[in-house]
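Features as listed in Swiss-Prot:
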type    : residues                             : note
BINDING : Gly81, Asn112                        : anthranilate 1 binding site
BINDING : Gly81, 84-85, 91-94, 109-117, Ser121 : 5-phospho-alpha-D-ribose 1-diphosphate binding site
BINDING : Ser93, Glu227                        : Mg(2+) 1 binding site
BINDING : Arg167                               : anthranilate 2 binding site
BINDING : Asp226, Glu227                       : Mg(2+) 2 binding site
Amino acid sequence: MNIKDALALVVNGKDLSVEQMTDVMREVMTGKATDAQRGAFLVALRIKSETLDEITGAAKVMRELATKVVVNADNLVDTCGTGGDGANLFNVSTASAFVVAAAGGHVAKHGNRSVSSSTGSADVLEAAGVNLQMPADQVARAIETIGVGFMFAPAHHSAMKHAIGPRKELGLRTIFNMLGPMTNPAGVKNQVIGVFTKALCRPMAEVLGRLGSEHVLVVHSEDGLDELSIAAPSHVAEYHKGNVTEYTLSPADVGIEMQSLEGLGVATAEESLALINGAFAGSDEPAAQKAAAIIALNAGAAIYVSGLATSFKDGVAMAEDALATGAAREKLKELVEFSAL
């Protein structure tokens, strides 16, 4: 199916099959469609609401066209979010990656520069001194030897260049906001994904199950974060062993004290890095203590889905240990040094 035929269906409220969506996305991602067609298609899909089949088909094409990172490691996991929650918190999922590595996991962190927030994962890692342009084989070695590596999305999804213009000009959330976390170049099968609305939790968990994932938590907090929050309960859709289970999780359920988010907002990558460094150093500043708590909560989730812990609560305890010993700080230092080689 070509994009013109697909547009005719979608604008009339008709859904596309997985096969039809893969045909159209290949036109979008290979430059065959015009900017006008790409923009119209993205908006029409958004207005109609994307179905599981459409999201699945689009994700398949992005995965197919990605520059792969082949990693030989157990417990491979990713921590990421869709962004777009408007909270402007420091980079929680990025910080969590180093804690998971310090606990013995292997994190294939996939991310980009900021689109809607103050700072994206790439921005804060660059501020820390990480070389974002590492080739795929070096990223794989980092994951295997250090336990964490960063895959800069534009370097691995070059086909995205065909969608950048329309996305920027539209200024709207589109299907691409969902696709980023579902198209990890290392093919991770265990993930913690934060989303900007509760309505996405179950659909994304179901799509990832269709795409071969093993253990996934898709989360959205009641105070609006695309993370697990320390200030409110969070909605969780957990995919594991072929089933999706939905539940509400309070920080206290896994041993984290409920507390406000005051002091965790940032305006720049440097401010985000300062909070992360404070948390990693065990600072007794109130903001650093809160940062450590929300990092431990989210890292604990990733440790759990990676298989390193048998329960979410045990994962959080392992994350707290990794922070307390300074091991997480060492992992960040190791990645900075390794990326400069």
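Glycine is no exception: its Cβ is also placed from the backbone N, Cα and C atoms.
Counting only the Cα atoms, the space from Asp226 (Mg(2+) 2 binding site) to Asn91 (5-phospho-alpha-D-ribose 1-diphosphate binding site) is about 11 angstrom. Of all the Cβ atoms in the protein chains shown, 26 others lie within 10 Å of the Cβ of Glu227 (Mg(2+) 1 binding site). A distance of 7 Å separates the Cα atom of Glu227 (Mg(2+) 1 binding site) from that of Gly81 (anthranilate 1 binding site). Ser114 (5-phospho-alpha-D-ribose 1-diphosphate binding site) is 14 Å away from Ser93 (Mg(2+) 1 binding site) when you measure Cα to Cα.
Within 10 Å of the C-beta of Gly81 (anthranilate 1 binding site) we count 28 further C-beta atoms, all protein chains included.
In the shown protein chains, 28 other C-beta atoms lie within 10 A of the C-beta of Asp226 (Mg(2+) 2 binding site).
Note on the binding-site residues Asn91, Ser93, Thr94, Ser114: the fewest other CB atoms within 10 A surround the CB of Ser114. The separation of Asn91 (5-phospho-alpha-D-ribose 1-diphosphate binding site) from Asn112 (anthranilate 1 binding site), Cα to Cα, is 12 Å. Around the Cβ of Gly111 (5-phospho-alpha-D-ribose 1-diphosphate binding site), the number of neighbouring Cβ atoms within 10 Å comes to 26.
A 10 Å cutoff on Cβ-Cβ distances gives Asn112 (anthranilate 1 binding site) a total of 19 other Cβ atoms nearby, all chains included. Gly81 (anthranilate 1 binding site) sits 9 Å from Gly111 (5-phospho-alpha-D-ribose 1-diphosphate binding site), taking the C-alpha atoms as the reference points.
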